[in-house]
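First comes the structure, then the notes that go with it.
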């Protein structure tokens, strides 16, 4: 069967005009907070000498992926609240599907790598800098992106070859695999199983690895001092919050047969917008090192400028610097 559809119409979150106006203001605010917060995290990590450990190296890339991930869907969603024409071309729809799964799967792998980093840091502290060196961290990051690309390539190729004969109404606010399978004018049973084996199993296996890592970490607290236990628990708590907010909706969406529910759109909001927006707040409010770096790098500088001394000399801790990970790791190991 041929493909008679050249464009799709996104139904969005609601057809009620008053609800759309409220959602426009709300999601525009969400997106501004998301962009500002994640950019703030990236700049703080890049410019703070105190945040030179592998954990913050991965955190900065997590923030970058969050910005990219939400930017695939959020701008279109926000614009569609204000316009009547919510069409998206077939090519644009496939591109949105490709990049949403690329950044979404890459984020899953980065969160898994961050859990491994915390496991090594807490359970094998004496070998931490030897194991998590610059070369190994870079290799892990490459594998995160490569894994995300392989996943999204399979997902997109599976979808783009399906015949679409009409109708072309997508009951969602972006092009995702389940709503598209629903529109295909062919049997999608096998395609649905591939989605479960691809997206579902990646989410489930990563979630199991994460739960296992943090379980081992929590069990190791018994042998630590109260101060060490407090610091380790504070660091891991922020990671666990992010994992719960991101993975539970993903498991609900993709670890099931090819079907759609009315709740899917609301659930998708959590992992495409809400979680990327909350990540900077979670990691900042729950992490003492990040809060101290923010005070040194931004608050003191702001106060200095407000006092009319823009040329004030900063201490070594406040000096901006390029992110030189190998050098910082070497200094920390001494």
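Any Cβ shown, glycine's included, is placed from N, Cα and C.
Checking the ranges 167-188, 233-254 against TrEMBL, the transmembrane segment annotation falls on 233-254.
Here the domain 'G-protein coupled receptors family 1 profile' (37-283) has a mean pLDDT of 88 out of 100.
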